[in-house]
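Student: Once you've had a glance at the structure underneath, I'll fire off some questions.
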Amino acid sequence: MNKNPFIVCLMGPTASGKTDLAIALARKLPFEIISVDSAMVYRGLDIGTAKPNEEELQLTSHRLINICDPSFPYSAGQFYKDALSEIKTIEIRNRTPLLVGGTMLYFHILEQGFSDLPTADETVRKKIQEEAAQHGWAKIHERLNAIDPKSAARINPNDAQRIQRAFEVYETTGQPLSSYQSLKRFKALPYQFINLILAPENRSWLHQRIEKRFDQMLKNNFLEEVRQLYNRGDLNSDLPAIRTVGYRQVWKYLSGEYDYETMRHKAIAATRQLAKRQLTWLRRWPDAKWFNSEDKDLISQVVDYLKGIGM
C-alpha cells in the first residue's frame with residue numbers, strides 16, 4: 001500500500017451534475033468510482049435515484065450500486081465497511097478511488113471518523129423553536145416520529161431539549177439521530193482526501209433543475225417503478241429505501257394519501273430541502289475545492305486542478 005494514498009471525493013447537492021462529471025473524470029484519469037449514496041445501494045430504485053443507466057455503467061463501473069434489496073435497512077456503518085473493502089480492492093489495482101455522491105454522513109465517517117454529533121446553525125435552531133412556539137412540542141414530536149421513529153420512541157413528547165436536538169441533527173444532515181448511534185467505533189481512514197464540491201452559484205438554477213429532473217422521472221415511468229415496489233407486499237413506508245425522497249411521496253400517492261399534484265409538489269419541495277441540507281453541511285467542509293456546476297469548461301477545470309496537485 002502506498003504511503004498516504006489519495007482518495008478523491010466528489011460531493012455536492014442532489015441534481016448538481018456529479019454523476020456526469022464523475023464519468024468524464026474516470027475516462028480521463030486512473031479513477032474507479034465508488035458511489036456514496038444511501039439510496040443507490042438498493043436494487044429496483046433506479047429512476048427516482050437518478051442512478052447511472054446501463055450504458056453509463058458499461059462505460060464506467062460504479063461500486064456500491066445495486067448491492068442490496070429494498071427490504072434491507074442499509075446503514076452508515078455498513079457503508080463504512082463496504083467502502084473500505086472497495087477502496088482496498090481499487091488500491092491493489094493501482095488505481096485511485098473516486099468517491100461520488102451526496103450522502104454527507106457517509107463522507108463524514110470516512111474522512112473524520114465519528115466523535116460528536118454535528119452542530120446545528122442558529123437559523124435551524126430558531127426555525128424549530130418558532131414552530132414549537134406556534135404548534136407545541138408534542139406536535140413537533142409527532143413530526144419527529146415521522147422522520148425518526150426510533151429516536152421519537154425514546155424521547156418524551158414534552159422533552160423539548162431532546163426533541164429539538166433530534167430535529168436539529170435531521171435538518172442539518174438529512175440523517176436521523178438514530179442513524180448515529182452505532183457509529184462511535186469508527187475511525188477516520190488513513191488516506192489523503194482530495195475534496196471536490198460541485199454546486200451551482202445560482203440557487204434558482206438548482207431549483208429549476210430539480211423540478212425538471214423530477215418531471216422527467218415521471219415521464220420515464222417513475223410511478224410504475226414505485227408501484228412495483230408497492231405491490232411486492234413485503235415493503236413498508238418505514239424502511240430507509242422507501243423513505244428516500246421521491247419514493248416516499250409516490251408511495252403516499254399510491255396509498256391514496258396524496259393526489260397526483262400534491263405528490264409532485266411535495267416531492268419537488270422535499271428534494272429542494274434535501275439540497276439545502278446538503279449545502280449547509282458542505283459549506284462547513286474543511287479543505288475543499290469548489291467548482292461551479294454551471295461552468296461550460298467544468299471538466300477541464302477539474303482535470304487541470306487534479307493534475308496540478310499531482311494526480
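Cβ atoms are placed via backbone N, Cα and C, with glycine included.
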Student: Identify the region 'Interaction with substrate tRNA' range according to Swiss-Prot, selecting from 37-40, 113-116, 141-144, 281-284.
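Tutor: Of the candidate stretches, Swiss-Prot labels 37-40 as region 'Interaction with substrate tRNA'.
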Student: When Swiss-Prot marks a stretch as region 'Interaction with substrate tRNA', which of 161-165, 211-215, 231-235, 291-295 is it?
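Tutor: My reading of Swiss-Prot: the region 'Interaction with substrate tRNA' range is 161-165.
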Student: I need the CA-to-CA distance for Thr19 (ATP binding site) versus Thr103 (site 'Interaction with substrate tRNA'), whole Å please.
Tutor: 14
Student: Let me spell it out: for each of the binding-site residues (Thr14, Ser16, Thr19), count the other Cβ atoms within 10 Å of that residue's Cβ, using every protein chain shown. Which one has the most?
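Tutor: Comparing the binding-site residues Thr14, Ser16, Thr19, the most crowded Cβ belongs to Ser16.
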Student: Of Pro13, Gly17, the binding-site residues given in the record, which has the fewest other CB atoms within 10 A of its CB?
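Tutor: Taking Pro13, Gly17 as the binding-site residues, the minimal 10 Å Cβ count falls on Gly17.
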Student: If you run through the region 'Interaction with substrate tRNA' (37-40) with DSSP, how many residues end up as helix, strand and coil?
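Tutor: Secondary-structure breakdown of the region 'Interaction with substrate tRNA' (37-40): 0 helix, 0 strand, 4 coil.
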Student: Enter the number of other CB atoms within 10 angstroms of the CB of Thr103 (site 'Interaction with substrate tRNA').
Tutor: 21
Student: Using CB atoms and a 10 A radius, I'd like the single residue among the recorded positions Lys18, Arg125 with the highest neighbour count.
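Tutor: Within the set of recorded positions, the most crowded position is Lys18.
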Student: Under the DSSP assignment, what numbers of helix, strand and coil residues are found in the region 'Interaction with substrate tRNA' (161-165)?
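Tutor: Tallying H, G and I as helix, E and B as strand, the rest coil: 5 helix, 0 strand, 0 coil.
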